[in-house]
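If you check Swiss-Prot, you get these features:
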DISULFID  Cys189-Cys255  disulfide bond
DOMAIN    159-267  domain 'Ig-like C2-type'
DOMAIN    276-366  domain 'Fibronectin type-III 1'
DOMAIN    372-502  domain 'Fibronectin type-III 2'
DOMAIN    793-1072  domain 'Tyrosine-protein phosphatase 1'
DOMAIN    1135-1403  domain 'Tyrosine-protein phosphatase 2'
REGION    32-53  region 'Disordered'
SIGNAL    1-22  signal peptide
TOPO_DOM  23-712  topological domain 'Extracellular'
Amino acid sequence: MRINRWIWWATVILLYLRTGLAADFFRSSEENDRKSSDDLDNFNSTKIEPDKPKTAKELGVKSCESNQDCVHDGVCHRGNDGHGICMCPRSCPAITPKQCGYNYRTPSTCLLMDADYRSKYDVKEPTCYSRKCVCPPQFDDVHVTANQKPLRLNSTLLPTKCDKRDLAVVARAHPSTSVSKGIDVTLFCCINVDPEGFIDVASVFFIQNGTIMREATSHPFAPRNGLARRVHEKYSCWELEIKNAQTSDSGSYMCRVTASASDLDVTDTMQFEVKAPRQIKNLTVNPSERDAIVTWESEGGEDMAIDLRLVRRTDTRGQVVFSKDNLTSPVSIKDLRAATPYTLFVSGNNGQVPFEFTEHFTTKQKRPFPPKEEDVRVLNSGSALSCEVEWKSPAEPNGRITKYFVSVRGAMRKSDGSLTPDDLPAAVEVDKRCANWDGDENTSKHNGINPIDFANEFYSCKFGPLKPNRNYTVTVWAENSAGRSLPAVFHKNCVTNYAQPDMVETPQPLLSNNHSTFSLTFPQPPDDINGPISCYYIAIVPLPANVSLDILPKSEEIVMHSFSKVFTNNLLPSSAEEKRFFAYIAESYVQLPEETTIGDGVRVSDLKACNVQYLSRYSSEDLALRRGLKYTGFLIVRVDKEEELNRKDVRNGADPNIFRNLIDKSVSPTSRTRTASPMSRHLRQLHLSGPAYGYSAYFKPILLDTESSSSGFGIFMKIILPFLLFLAFATGVTMFFVNRKGHMLSTWCPLFTKMTSKDVVERTLLKQTFGAIPVDDLPTEYVVRHRDTDFLFAQEYESLPHFQLDTVASNRKENAIKNRYNDIRAFDDTRVKLKKINGDDYSDYINANFIKSWKEKKLFIAAQAPVDATIGDFWRMVWEQESYLIVMVANLTEKNRQQCAKYWPDEQITRYGDIIVEPASFSFHSDYAIRAFDIAHIGECGPDVIPNGNGVEYANVPIVKGQFANNSRRILQYHFTNWNDYKAPECSTGLLRFMYRLRELPQFNNSPVVIHCSAGVGRTGTFISIDSMLDQCLAEDKANIFEFVCNLRRQRNLMVQSLEQYVFIYKALAEWHMYGDTDEDVRDFEDHYQRLCASNRDRAVSFNQQSSTNGSISPRVAIVSSRESMTTSNGETGLEEEFKKLERNLTTPLSSNFAAKDENLLKNRYEAAVPFDKYRVILPPTIGHADSSYINASHIKGYFFDYIAAQDPVSEGTAFDFWRMIADQNVTTVVMLSDETDWSDVEKYWPIDGSGTECHFGSERNSVNVTCVSEEHHQDFIIRNLSYSMKDNESMPANQEVVQYSYTGWPSDSIVPKSANSLMNLIEMVLQRQSSLMGSQAPIVVHCRNGSSESGIFICISLLWLRQKAEQRIDVFQTVKGLQSHRPMMFTRFEQYSFCYRALADYISKTYR
């Protein structure tokens, strides 16, 4: 029976196998036939259709019924086929945002699954649920590398699931499942779902050898290093730590997981072994300069193969230079660096890590490489010049550098023929670390520079004072115990310009026989060592006989004026009391005479007079002298500085490169020599820094005898002059009371009023006037007037007339409510008269005047800002005068004071009197806003617009909207927002850019322009003056600012209200001439960049373009044509020329006194890269510190977001200050641009051990705790989420969050980043995050090693990127210029400037094309 049963089963099995084989055979045959047929049909094509992604059903995904089937934060999503899939946040890839739906402006999305996932699986895409991104389950095993924290398993884990029913567990061990005795081991039980609310802490345990239950030592619900629970990490693992593993720990380990709310019970088992290791002994390392030999012995018989890994310890991380496995003794390691520390890691080769130890050694030293040249520059401290030399350690120091030697040697550039020794300037007194070596070996012990005295491997020394007319070459050596390096001859030099002689001898006076003149003899002309002398001026100071020379100012400080003004001023009694005396230029010569006579009006024969005025303003006036006075004076020597210093060839053995030096600015000079063109001296004096003047002391005073007392002049002085003075005093007192009571006189005596007005006009015309200034002289004129705290500007401004014309309409009490200020009245002759309403005689008044621009090219209406009572009148004026453009140069409120009533609506249609105003559009920019309105007059809109009833019903928008479209007008309002009352803008760039935009509008050129500030006189008058003077400059190549402002004041009183505004007119025009319009449209930027990159000899510009409006030259082309010619023969590109324009500056550099204080010196990494006092970040006071307000950081005004440019911390103390700044400024975004390998541990302000660690800065009383919450590594940057708590600030909530973006694509030895694209991506990410912080006004902190170089590039590109997004315009030059004015050492290299252009051009090319 049993046999039959076996036979029956065997038969069934054979039949089944036969059937299966047959089916496989026929199926294979059919497939082969089909394949052959397809091959014939597709002979020319070999394309294979890819596998179709599998659906959820094909993958066997369980269908969920509700969210109860899903893990914590999971959601059950049903597809079109009704199949439900659990989705959860944990299954999302790293690129998916954690949160979503917060930004109402740009709703954030959850992106897509990665490409690999979508190519294999056709499952629902990520979506937003409860403000969290949820994703479909994973299906591929997850590989965890040995370096991936916190697990470091070097193994695979289960794919993440979202359905509770998919619960599974896997057992793993670290570092291995087979280890040596004594090793610390961690066993893991890792599940594939989120355990929150599903798996309890005690529901997972380990069972050893099937009998011993061992509880986990750590679980996902426990905090890690004080942070939040780890349940939200990517993997959920229970851990069993086994310290000092023994053989008794060997065996099988089963992980068992039981779900608390269901009957799910899953397990996984692994085998774990503890064994005894083999060892090696007597391992030795024998190093030389370039290699090392490693030998060892093995225990227990045959040679044992080991693994060796050699790490060079030149930084905190180290670099692996040798790594091989399964090596036997001996081993030779070659190509090592001399005098370099190394660490040899020795380990077993059987994978069980039976042993692991290290061996440290250092290779032998040899002579170092030369030091690396960093930079050389000339610095101007205000009192003297110094040469700053910067260098870095050699590329291969080959040992410990014990000394550096620096030689700064200055040779004459232009010799006067005498044998002058080279100058060896000493190190500046404030820096005791440095010394200038003269090359004498006997002094090398004393003149070496010890590198220990410097904080890092960047060295900087200053040498001075420098002598004029010198070329200082720089050479640096490095020395270690093996010897001294070859010299590093720097390619850059410190070149000093010409200067005045060190001493000018005092002239000797001689009295002439006629007692009405006197002579001067000159013992010896000054030497030309400091530069060729171009002119000699003889200055004379007349004084009353009883005035002593002791009260005179120094000869170089006395005010110079005309002959008549000097005598008038110096003879006043008040001049002696106030010690205020003037001097005048009597004679001038190209060559110094041996003797000359003053007062005879005759110049020394055969000697030419100077063709250049003193200070470009004062000519010689050798007029007859007055007798009875005392005369003194001095000799002035003028030396013209060279504007350019041409390059010299180094390779031919000539002088080393000479680099251009601008004394007014600490920048790297450019190598130049004096041009050989026969340029006259006076043309060379228009260089912005001006010529140098040397002054002698006052010569001994000489007294001219008085005339007879019976002479007519004596009678005049004794009798008539006192009477005239009394008459002038009485007239002044009378006019004072007349002015005080002017309103009474104008009411009761109209005739007297007219006479008074006429007299005032005629009297003001008698004041001193100032002529037109050529365009080329505008910068020089500004510099000259700006000296001595704007003395000449103040004198010119005080000469402006104050017209007192009739203001009857403004003075009426019925119109008092329509005036914002009592002293700002509208002249009757030029006031705007509105149409009267219902016969009301006072309804035609508004405080506004017609203003004619230069030669009446435009018509302005200068108005006060509307008050609440005049908003309707304001719009009525716009309608009646047919104005289509309003220019507003004030803010609604300034310093908590209303400057202007808000006269426009933002959203709803609004009625102002008889004018309907409908908002059409608006846009906001950094310095201005543009609004458009459609307005209509009620009387011209037809009877159906306004319904019967009161005005309140008019607000019914549906009734009004669309009724007056045919009768409406489009009005533009350009609102400049960066100008405070009674002041001038800090920088002219924003206003000029705003004005360029206006000058391109037809509404600005062809219709009346309504312009207002608050009073309608100060900022309004300044704006009109600049615009009109631009027209005059373009038409006549000159500007008569004084005359035009006088004409303005004839049309409206007090136009240009302050000296500061008057000075700004000059400054704006001067900078317009110096820099031109560098603002480009985005669409033209690439072509503009290509033109700049071309050599000037290959490009030319045509200026034949005509304006389509009035036939004149268009403003854009005219502005370009006003600058110097764009076609030169020097071979430089336009970009290089534009970069050199950055060196031009009308003002002196700002001070950095606070950074130079003794207590702050150690807080600066580089002495030249410190914040200006005006823009430095001021820290709040700290208890226990006398002065703790300083940090090397500067405020930078941004476009939408402000910035702080800071240097990297230099110590733990400055790292604490860095966090104090972050807390005080409420910073949430930090950008780090320096290479982390350059940082020492004491400089880092974040935990260096990565995610989950913390660090502490400060003292017990004042401290900050910083925690690294997470760390994400990307291709070119690292994102760290940091959390900090300030101990001394109880008002600040704990655990404030800061995101740090650490850019890794910028090598420390590179001037610019490796990739413009990677930096642009980082900028976009930073700005996108900053814009997502709703309502945050906190600045973005950007820091690098010196706080200027890399930070300047990042901020510059950020500003340019934001502006091209908002305005579609780019201005690299002015953006860089603005940054340089906020912090020193920004954009000192041409490569940095060129990189900004290239980065924007590449971005625009990819974005707009």
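All residue numbers here begin at 1 and follow the chain in the order shown.
The backbone N, Cα and C atoms fix where each Cβ goes, glycine too.
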Highest-contact recorded stretch vs the domain 'Tyrosine-protein phosphatase 2' (1135-1403), from 159-267, 276-366, 372-502, CB pairs under 8 Å: 372-502
Taken over the domain 'Fibronectin type-III 2' (372-502), the model's mean pLDDT: 87
Protein Cβ atoms within 10 Å of Cys255 (disulfide bond), excluding its own: 26
Number of Cβ atoms other than its own within 10 Å, given for Cys189 (disulfide bond): 26
Secondary structure tally of the domain 'Fibronectin type-III 2' (372-502) (DSSP, helix then strand then coil): 6 helix, 53 strand, 72 coil
